[in-house]
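Under the heading transmembrane segment, TrEMBL lists 6-25, 46-63, 69-88, 122-142.
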Amino acid sequence: MSPTMILGLVVLAASWLAWFWPFAFRAPHNQRRPSITLATPTRAGLLLECTAICIALACRQSFIDPLPWWRFAGMLVFGVIAGLLSWSSVRHLGRQFRVNAGLYDDHELVTTGAYALVRHPIYASLLAILASTLFLFTPWQWAILSIALFLAGTEIRVAAEDGLLDSRFGARFAQYKGRVKAYIPFVR
């Protein structure tokens, strides 16, 4: 294994850790507050997203010797984006963070930090960490399948969460939705 591939693996592991850290150690857990939860559709979407990540990790080609610079650069850029988005998302969402789609009785519409860039920055961060992984060692055929499954799962989750936010915040959410893309800046 080349030194560049070893460096790539170390950077990818650090990127995953930087992405995961705020969810594991900064986000509030086990909140006992009244809420409305919409779990069924979001679980189906989450299953598709997890399948996409498993494909990216399991269907890899042999370690490339040496690792092309463009693969390393793509992995690094998307890894940094993933980390920044996850930290900003958890920080600005604060005590409203939850794994399943839902709203607390005292839920507020968050439009600051990463939420000023995209409505669903946690999904954007997950897409970025997936892209980082794909750049390092996933063959293009598997990468396309992985991205397609991930986007299908994310669309399910976005639709469910947008529906909840629209039902709670009405015109304020419609205005926010009209000016801020869902999870890919300037695109979707």
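Note that Cβ sites are derived from N, Cα and C of the backbone, with glycine treated the same way.
Whatever TrEMBL says is automated annotation, not expert-curated.
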Open item on the list: For the transmembrane segment (122-142), give me same-chain residues lying six or more residues beyond its boundaries with a C-beta closer than 8 angstroms to one of its C-beta atoms, as numbers and ranges.
Closed with: 8-9, 12, 15-16, 19, 49, 52-53, 55-57, 59-61, 63-64, 67, 71-72, 74-79, 81-83, 85-86, 89, 93, 114, 150-151, 154, 157-158, 182-185
Task: Long-range neighbours of the transmembrane segment (46-63), counting only residues six or more past its ends (CB under 8 A) - done: 1-2, 5, 126, 130, 133-134, 137-139, 142-143, 145-150, 152-154, 156-157
